[in-house]
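Trainee: Heads up, here are the entries from Swiss-Prot:
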| type | residues | note |
| --- | --- | --- |
| BINDING | Gly114, Met115, Thr116, Ser117, Thr118, Gly119, Lys120, Thr121 | ATP binding site |
| COILED | 450-562 | coiled coil |
| COILED | 634-675 | coiled coil |
| COMPBIAS | 193-208 | compositional bias 'Low complexity' |
| COMPBIAS | 234-243 | compositional bias 'Polar residues' |
| REGION | 190-243 | region 'Disordered' |
Amino acid sequence: MPDHEVQTRKSRMLDDAQEELNITVAVRCRGRNEREIKAKSSVVVTVPDVTGSNEVSINTTDEVGIAAKMNSRTYTVDKVFGPSADQSLIFKEIAEPLFDDFMKGYNCTVLVYGMTSTGKTYTMTGDEKLYDGQLSDSAGIIPRIMFKLFDALEATDSDFLVKCSYIELYNEELKDLLDESHDSSKRLRIFDSSSMNHSSRASSQSNSPREPEVAHNGFSRRRQRPPPVKANRMSATKQQLSESGSGIYVQNVQEFHIINAREGINVLQKGLKHRQVASTKMNDFSSRSHTIFTIMLYKNCDGELFRVSKMNLVDLAGSENISRSGAQNQRAKEAGSINQSLLTLGRVINSLADKSIHIPFRESKLTRLLQDSLGGNTKTALIATISPAKINADETSSTLEYAAKAKNIKNRPQLGALMMKDILVKNISSELAKIKSDFLSTKSKDGIYMSHEHYQEIVNDLENCQTEIQESKRQIESLTSQNNLLLKDKKASQEVTELQNSKIKKLQSTIEYLYDKIERQHHNETELATTIHKLKEALHTMQGSLKSYETHELRLQNDIKEVLYQGITSYRESMNQHLEKVKVSMLDKNLSIKENINNITTIFDDTLKSVEANGSDMCDTLVKLIKETPSMYLKEFNETVSSLKSELSSYSNALTNKLTEISEENNHLREYLDQHLFKNSTQEVLDLRMESVYQKVKNDSDQLLSKLVSMVGAHVEESRTLMVNSMKDTVNEIIDNERSLFQPIRDRWIASCDNINQCDASHQNFEAKSTSGLDKLKELSDASLKSSEDAVNKAKHRTDSFHDFVQKLCCDQSLKKQMHDISDKHRMLEDHFDDNVKYFKESSKGFEDMDCSIKKIIHEMSPEVGDIKSVETLMERINARTFSPVRPTGKTPSRQVLKNAITSKASSRSMSPIKTLDTNVRIISPVKRGTIEFGAEGPPTKKVR
């Protein structure tokens, strides 16, 4: 080979080693399956129907519409395929670019990752059966790669060799799916090819089945090709070191040589028959293991050199929720192993994405097998399969998280190793010679015989196994001794645990008892708070009643004054006006009878001299009686005054009774405030409570901390002293604050009592004066009535005596005329008298109207029945309620931090209802009530002027 070609190849390899590529990540979302449709689970994943956008959105909240879009999480990947994307599109977009690199000599890997029942196996294998020698539309990536591989190889003239293997990782155990012998001695082991020694070839087993008809030279040409071969055995160590650039080597795995796509499909179907599958509640054909289908390509690239490239097609088992899948016993163990390996794979992805120093590849066999594919020297594509249903939202989010992080992993792809044709032929020839010698030895003897060299290899293997057995025995003995020590430690730990559990149970019972006490205390405080609220309402009601009574009293006094002063004054003025009218009318008309009497006297001068004195006296007396005799108005006035007196007396009695009741209520309230409000047994209750808490703390301290009795006792004494002093100071301060806040209220109540007493005294004085005035009026009216009756009797007597004399004079015409004139004038006087009587009757009606207005005012100004009933009901409820001191419940000890969970109590226990009360009650002065409004609900608020 020329030197410049060697230099060019070396520089190309260095450039390839320095190039870094990210892992290609694709997301495939299937449609909802029958189980999800039956469960009526909504779609929470937003993807294109086929492909297009590179973003996947998932809504993990219960919101819809714009809010759901705003709160949804979006993941960006390289490719996104929706439910309508078919198998051919997946292969064309994801697997075909890697296949082209595989043909160029790069190592490539395709991984399918996701939860169970999302279509991983369908994506990787699909329908692997052939129909008339052709693939179906549902065929997956592996069958399509098989056909495309041989189509591409047949289109070239170069020599090639294709081998394939199929391994399974089940419960962290490797298994060869193409091995039908099930030989337990051929356990698959994982080695790093860089750490293997060339001298260990004898310990390596064959990678192909021992079948005599499978030997051939291993080459395949396009035109001259030997008969088909099923399998060929190659040397273990030297071949792997020279063939592959990978650092991971699986010992004892069988590799089958295939010459066309049909044989590759048969190998795939053979392995699928041995794969572990089972039925769960989430999937009828659930894969219970991870599988890796590997295709090895030896392709002639330059004369006698062959380029070795490898493609790993990985079908990972799906993660599953054991409670939802219904896995039990063996299935639960399988699910645990699957989840554990996938969890390790997730940690590896996170470490690689975060560029951590330590990558936990060796924590799981799965991650060790994928060490080259993740962060190694291969080109890798990851297909994440997800479900769109809401019931799988958590698993979908986890899958998308891993896929998004895997996108940041960088690999350094390198071309596969070069192998000389002579080395490849020499390895195949040595394998054929070894198989031939074993076959001849077996054929010439009755039993199974082998050559000396082969026997020596087996002896060496036996010695190595014996050495390993001895080392294992020593390890077993050391582990047994360690196990015994651990058992002793475990027994001691169990005893300590039982002791601690008993203590914890006692503490839990104590805590429950204390919680019950706290509940009782909370109940008592709630009742006390309710009582305080009711007393506040009663206080506000009483204040409103006092205010209404004051307003009613002022209005009543003003209305009575207005009625009495204005009514009587107007009546007096109208009376004077009427009397003046009568006087004027009497003076205007010539009503004097002196002229008539003089005429009669002159006429009867001779005959009436004997009775002149009596007639004159009678006339004078009559005129005097007419002027002085009271009319019917005086009688009605007397009756009206009597009725007014009785009404005033009844009103005075009613008002006195009401004021007496108010005064008694105020006296009772003052007595309660002075004797009972602040003289309760708060201090005694606190002392008893503190003493019981102190005894409880002391007893618990003696039981739990017996070795620290003296220190705990001193601490408890000091704590008790501090707590007692602080509680006493707090109680005294509360009582002083309550007294200082209530003192203005008490002063105003005392002042209101004084005002009520003054009002009562003024009312009694007014009643006495009005009664005395009315009595004087009645006496005067009685005296005038009596004198009028005497005068009337005298006039009647004289009239009777004069009647006889008048009869004697009735025959005289002139006398008749004069008498007629006198009668006319007398009639006129009677008319005037009747007018006066009518006027006085109308005046009496005015007095009646005045009396009705006074009664109406009294009725309107009387307190409403509803207010009286509400106040009486409230006072009856307060008097009927018996207040008892709060019972002591003991002191709550400090809660210990326990290892096991204790049921948390409701947070309302720690919130005392007494603390929520507003004790800053403000009593509004009557002087300032004009500037303050009382709301319908809530405390008084000042007006903004």
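Keep in mind that glycine also has a Cβ here, set from the backbone N, Cα and C atoms.
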Trainee: Counting other Cβ atoms within 10 Å of each Cβ, which of the binding-site residues Gly114, Gly119 scores lowest?
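Mentor: Comparing Cβ neighbour counts within 10 Å for the binding-site residues Gly114, Gly119 gives Gly119.
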Trainee: When you measure from the Cβ of Ser117 (ATP binding site), how many other Cβ atoms are you left with inside 10 Å?
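Mentor: Other Cβ atoms found within 10 Å: 23.
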Trainee: Among the binding-site residues listed here, Thr116, Thr118, Thr121, which has the most company in the form of other Cβ atoms within 10 Å of its Cβ?
Mentor: Thr118
Trainee: Show which residues of the chain containing Lys120 (ATP binding site), separated from it by at least 6 in sequence, have their CB under 8 Å from its CB.
Mentor: Val112, Tyr113, Gly114, Ser287, Asp315, Leu316, Gly318, Thr385
Trainee: Centre the Cβ atoms of Gly114, Met115, Thr116, Ser117, Thr118, Gly119, Lys120, Thr121, go out 8 Å, and tell me which other residues of that chain have a Cβ in range of the ATP site.
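Mentor: After dropping the recorded site residues, what remains is Asn283, Gly318, Thr385, Ser387.
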Trainee: For Lys120 (ATP binding site), what is the secondary structure by DSSP, using just helix, strand and coil?
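Mentor: DSSP call for Lys120 (ATP binding site): helix.
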Trainee: Other than its own, how many Cβ atoms are within 10 Å of the Cβ belonging to Met115 (ATP binding site)?
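Mentor: Looking across every protein chain shown, the total is 23.
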